[in-house]
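What TrEMBL says about this one:
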DOMAIN    130-359  domain 'ComEC/Rec2-related protein'
TRANSMEM  151-176  transmembrane segment
TRANSMEM  183-216  transmembrane segment
TRANSMEM  243-262  transmembrane segment
TRANSMEM  283-306  transmembrane segment
TRANSMEM  312-333  transmembrane segment
TRANSMEM  340-359  transmembrane segment
């Protein structure tokens, strides 16, 4: 039976890919109505999103008849029209934008606003990006600097964030609950974090893998990490076949596979490296083994300093996430206490930004 599943899974992926994927011809005029499931990436003169398999670059702000202007945000429902050109929508026109705010998206925006009240840019944007994946809060200049250094995956929510969320929740919940009950609340926490941070492929990948592993522990079964890895990829591609050609999806799985294959072996060769840097360096080097060829072929570039920069800043992320999350939530209840906790992030954020600035020579 288990062999039948592994035969049916790729067959279903191929079937879904060719039967559900939109087929566009260059020059077609299309109108797309869709929900924005992750924050757009802000550039100096535009904001980029991907809807219905097409890359779309819209003006940074849309104004209504009474002079109020805003950009597209996670949770919005938009109607956009344009001309298809090699996987992009040329001359896109935003026909309609509907505020799709829910309780969680409203909660998310309040936390971002609180960060912006307490910290200057780019610190507030960096904090919002690391804690809840708010790409829209990052300044375009700083985001481009992180992309050039190969550390953009750190400043927006990624699979690493899910790992930190799981570790933090397990550490806290097992103090007051049995492990079995704690696992159920951790899975619930993962789902809530997805709704807060957005449904980018790397986050979904990490959330599904973590949930499968915890469910295996809950039922008392040994779970093969590789089996979970391939099952997660299969389920995601069945749900959304477009991810098969999505660079974020591909890089997420390739880097995860590289970590599983090489991280422990690399760590063995780094015995003399200080412990605070060892994990970041071994993780970065292992991931780069897989993603470097893809980045070079896709974008024609690779920054040889990327592993070093990752090592110098990755150690700050757990502290930023924990202090930022606790400070953000408390800031909505007791602003003074929240501010004090956010201020504790200041040296970590300063170090992160300074390292990025130094290596952007």
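Cβ atoms are placed via backbone N, Cα and C, with glycine included.
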Ranked first among 183-216, 243-262, 283-306, 312-333, 340-359 for CB pairs under 8 angstroms with the transmembrane segment (151-176): 183-216
Intrachain residues whose Cβ lies under 8 Å of the transmembrane segment (340-359), provided they are six or more past its termini: 114-115, 118-119, 122-123, 126-127, 142, 145-146, 149, 151, 305, 308-309, 312-313, 316, 319-320, 323-324, 326-328, 330-331
